[in-house]
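Undergrad: According to Swiss-Prot:
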type: MOD_RES; residues: Ser104; note: phosphoserine
type: ACT_SITE; residues: Ser104; note: active site, phosphoserine intermediate
type: BINDING; residues: Ser104, Asp242, Asp244, Asp246; note: Mg(2+) binding site
Amino acid sequence: MSRIFGTDGVRGLANGLLTAELAMELSQAAAIVLGHRHAPEGQRPTAVVARDGRASGEFIGAAVTAGLASSGVDVYDAGVLPTPAAAYLVGDIDADFGVMISASHNPAPDNGIKFLAHGGKKLPDAVEDTIQQVYEAKDFVRPTGAEVGRVTRLSDAEDRYILHLVGAIPHRLDGLSIVLDCANGAASGASPDAFRDAGATVHVIGAEPDGLNINDGVGSTHLGPLKQAVRELGADLGIAHDGDADRCLAVDHTGTEVDGDQIMCILAVAMKEAGRLNQDTLVATVMSNLGLQLALDEAGITLVRASVGDRYVLESMVANGYNLGGEQSGHVIMADYATTGDGLLTGLMLASRVAQTGMPLQELARTMTRMPQVMINVKNVDKAAAKTSEPVLEAVARTEERLGAEGRVLLRPSGTEPVVRVMVEAATHEDARREAEQLVSAVEEHLSLQS
C-alpha cells in the first residue's frame, strides 16, 4: 500500500479518500503507537480530539473518538478549536497525544486527520509510518468492561487557550482598531475573544461558520474582503486566518498585504531587541524572499533556510535550539509559546509590536523590501535530474553570477508531478523574468521527457 500520510497528516475528500472507516481504524492504530506503547502499565492513555467546524468533521470526529475509546483511550473532546489550540491543550493537560480533524485552507468538502505527539508536537515521518503499519496489519487492541476508554467533554478548552495567548503578549492592544477575518473556520470564536481580551477594538468578518463555508471567499487565501473592510472602517490593521488558524497574514491600514516573510522579519527584530531571539537566528524556508535575507542581515540576524513545510522549519528549530521560524504563507512558529504554527498568537504578537512602538504596521513592514520574484512551472521534465544535470547546474551558476548579491535562484522539483519550478528573484521584475525564462529554456532543453 502507498503511503497514507502526506505532508500534513491524512487529507482528502471526506467520504472519498477519508471515510469513517479509515478514520476509526487509523485512530485504533494511533491508540497503540501513541498511547499504549507509552502509557504506564495499568493506566489508560489519554488523547485530545478537536476539529475545525466542517460538516464532515462531525462524523469523522465521531469515528476517531470511537476508534480511540474502543481501544482503551480516554478521550477529551475539545470540540471546534484551532489546530494550535489542540496542540496547546495536549501539553496543558499532559495528554499522551492529540488528534486534529481539519483540512486547513482546503475547501469545505475536504477534511483531514493530523495526529499530535505528547506535548503537542507534529509526528516525524517514521512514527506516521509505524501507525500505517499497525493500520495495515489490523492488529488492534479491543479491551472490554472497565478497560474501555471514556469520553469527557473539555468544556473550558477555548478559555484555556485564550488565557495562554493573552498571557504571552508583551504589550496590550488598547487603542488599536483591528479587523479579523476568521475564514468561517475554527478561530471564529477564539480569535475575536482573544483580541478583545488583549484590549483591541475588534471588527470581525468571516466568522459565521455553517459547516460548508469554511475558506469560501474569505480568510488568508482570499484577502480581498479583509483589505476592503480595513479601508472602509479606517482600522489600524487586519489579520486573516485560514480554516484551522495555524497561519496568519495581515494587511496594513491602507489595505496592503503584509506576508509571512514580513511578519517574521518584524517579530525577529522585536525579539532581538528584547534579547529573546535565541542565537539571533530565524528559520525560514527556501521559498522565503531574498528581501528577508537582506533585511535580517541589516539587523544582525542570521537566516537559516529549511525545506518547504512548517514541519521542516520546526525540525530545524528543535535540533538547534532556535525559537522563531515560519513560512511566507503565514505559518509562524514561536517556540517559547507554541509547538506549531499559531495564527492567533502570531496576529497578537504582530499587533502587540504595533502598539508597543506606536508605529503603523505599514512602517514596520518597510523593514523588509520584497524583491521581485518570478516563478515558472516547467512541465514534462525529468525532475529527479534537476539537481544533477551538469548543463542545468552550469546554467544556474551563470544566472547566479549575473545576479550577484541582488538575486537568488531556486530550482525545486514538484513532489507529485513531472514538474520543475524555476524561481528567480532580482533587483527588477524585468531582470527576474529574463533570467527565469533563460533557465526555463535550459531545463526544457536538457531535462525534457518528450521524445
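Heads up, the Cβ atoms here are built off N, Cα and C, so glycines get one too.
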Undergrad: So how many other Cβ atoms are close to Asp242 (Mg(2+) binding site), meaning within 10 Å of its Cβ?
TA: 34
Undergrad: Whole-number Å only: compute the distance from the Cα of Ser104 (phosphoserine) to the Cα of Asp244 (Mg(2+) binding site).
TA: 5
Undergrad: Within 10 Å of each Cβ, count the other Cβ atoms, then let me know which of the recorded positions Ser104, Asp246 comes out lowest.
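TA: Among the recorded positions Ser104, Asp246, the sparsest Cβ neighbourhood within 10 Å belongs to Ser104.
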Undergrad: Note the Cβ centroid of Ser104, Asp242, Asp244, Asp246, the recorded Mg(2+) site, then list each other residue of that chain whose Cβ lies within 8 Å of it, in sequence.
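TA: Going along the sequence, the neighbours appear as Asp52, Pro82, Thr83, Ser102, His105, Gly185, Ala186, His241, Gly243, Ala245, Arg247, Gly341, Gly343.
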Undergrad: Including all protein chains displayed, how many Cβ atoms other than that of Asp244 (Mg(2+) binding site) lie within 10 Å of its Cβ?
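TA: A 10 Å sphere around the Cβ of Asp244 (Mg(2+) binding site) contains 34 other Cβ atoms.
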